[in-house]
Amino acid sequence: NLVQFSYLIQCANHGRRPTRHYMDYGCYCGWGGSGTPVDELDRCCKIHDDCYSDAEKKGCSPKMSAYDYYCGENGPYCRNIKKKCLRFVCDCDVEAAFCFAKAPYNNANWNIDTKKRCQ
């Protein structure tokens, strides 16, 4: 779910950047999304959005699904998840969290005018 996803982001980036910095970034980080991603981090958000869409097509509720995960030295991972929906959503979130951690953060792409830049 979205609360767990925020913890996974913090785990993957080892607390270097607060989760709120990802909530209004580029064209896809935050609610909704359209146009062409502005950079690598925004592409991570689009991939995560697409993964959640795929989960919904499978009958899952990704924004509300609670799953079991662990934050280790090397970052987050999903733990012993037997239910397919929960596993799918956890995998979406873990992959996105690692993608966020690897991608450069460009302050100029935070809180952009999406009407102009995300066509």
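Heads up, the Cβ atoms here are built off N, Cα and C, so glycines get one too.
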Cross-link partner of CYS44 (disulfide, per Swiss-Prot) out of CYS92, CYS99
CYS99
Report the candidate from ASP39, ASP49 that shares the Ca(2+) site with TYR28, GLY30, GLY32, as recorded in Swiss-Prot.
ASP49
According to Swiss-Prot, the disulfide-paired cysteine of CYS11 among CYS71, CYS78, CYS85, CYS90:
CYS71
Most isolated by CB count within 10 A, of the disulfide-bonded residues CYS44, CYS85, CYS90, is CYS85
Between CYS85 (disulfide bond) and ASP49 (Ca(2+) binding site), what C-alpha distance do you get in Å?
16
For each of the binding-site residues (GLY30, GLY32), count the other CB atoms lying within 10 A of its CB, then report the residue with the highest count.
GLY30
Across all protein chains in the structure, which of the disulfide-bonded residues CYS45, CYS99 has the highest Cβ count within 10 Å?
CYS45
Recorded positions near ASP93 (active site), in sequence order, restricted to CYS27, TYR28, GLY30, CYS60 and a 10 Å Cα cut-off
none
